[in-house]
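K.L.:
Annotations for this protein, taken from TrEMBL, read as follows:
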| type | residues | note |
| --- | --- | --- |
| COILED | 30-95 | coiled coil |
| COILED | 156-239 | coiled coil |
| DOMAIN | 276-370 | domain 'M23ase beta-sheet core' |
| SIGNAL | 1-26 | signal peptide |
Amino acid sequence: MYKKGMRRAAALLAVCWLGLLFRAAAETPAEKLERLRAEQQAIEQQIEQNRTDAARAGDLVNLYTAKEQNVKAQIAVLQLKIQECEAQLAGTQAQVAAKLLEVDRSTQSFEARMKGMYEMSRQSGLAVLLGADSLSEMLTFGEYLQRIAVRDTRLIAELTARREELAALAARQQAELDALDASNAELEAAANEYAAALQQANARLSAAQAAEQAGAAAFAAKEQEIAAAEREYAEWAAQSDNNAPEYTGGAFYWPLPGYSTGSPMGWRTLNGVQEFHRGMDIPAPLGTKIYAAADGVVSTKAHYTYGTCVKLSHGGGLVTIYAHMSAWAEGIADGVPVKQGQLIGYVGRTGRAYGYHLHFEANLNGAPVDVRDYLG
Ligand SMILES: [Zn+2]
């Protein structure tokens, strides 16, 4: 299993390496520049995505922070209520205990009194037998005893009833407290949930922020690569053929008679991306004939992002480039001398082009120059 995995990894690596090698071999300075720009744009999109993710995560962090705070505030209010309720319950329970003590005490004193009276009545009875004053006195005493018993019994009943009322109140308060405790438990559970969600959102936020930073670093690195590729491209554009005739000055021949430029050299925004346009674009129908601007030598006949392209060296570090052609003219090949006004190719839209046009560019020692300066 392990060996199989290793073999597959090695195969994959070989494919990647071959791909890299192939690309490195086939890539021209212009293509490299285009690729790097595309890569940078992809990084920019990723950064934008990460920024959106970070913003969303930030919103979630705010949301859950607010929710957690809200629940915690509710818990604080509930805690106060619980404390209040507990105090009330404790008060009621103390009252119940006090009332119970009162009932006990009343019962005890009633019993003591009854016992005393019983003793007294026994002695009185004895006294009667031994010569009581009168029978009427005996009756009166019996009535008196009975009245006392009734009063004490009523008092005990009242105390007991009051105690039962208090016990019922305590039970209600206990039920209320239980309900508050249940609410509290619910809120605590919600608070825990929000805390967990907040933690997750925070993790997402940090990840997105880290990715954003990594993206910014990758973007900066790509910027440097692009600068290097631009230098490389400039060097390529500067290479002029040794066999080129000495450029003696004089006006260029307009390569597309009858057609004028649409987009001149300079900074422009293409699909939302600012880029420096190294030449001018001259829109013309497919197949329109393209002529050499000046005497020179074909120093490059190639396919780039410029498409089917010709580079003419005119000597003195001056080169002209004709790009996005549909085809080369017959006889165009590396090292072939051409005369001013000679047919070199046909208008097309090969390479990175959005419509039929000739991209006409001039470079002096690798630096793009405004073609208009050479038109006389
Ligand atoms: Zn162009």
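Cβ atoms here come from the backbone N, Cα and C positions, even for glycine.
Note that TrEMBL annotation is computational and uncurated.
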K.L.:
Give me the mean pLDDT over the coiled coil (156-239), rounded to a whole number.
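P.N.:
Per the prediction, mean pLDDT sits at 90 for the coiled coil (156-239).
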K.L.:
Using DSSP, how many residues in the domain 'M23ase beta-sheet core' (276-370) fall into helix, strand and coil?
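P.N.:
Summed by class, the stretch gives 0 helix, 57 strand, 38 coil.
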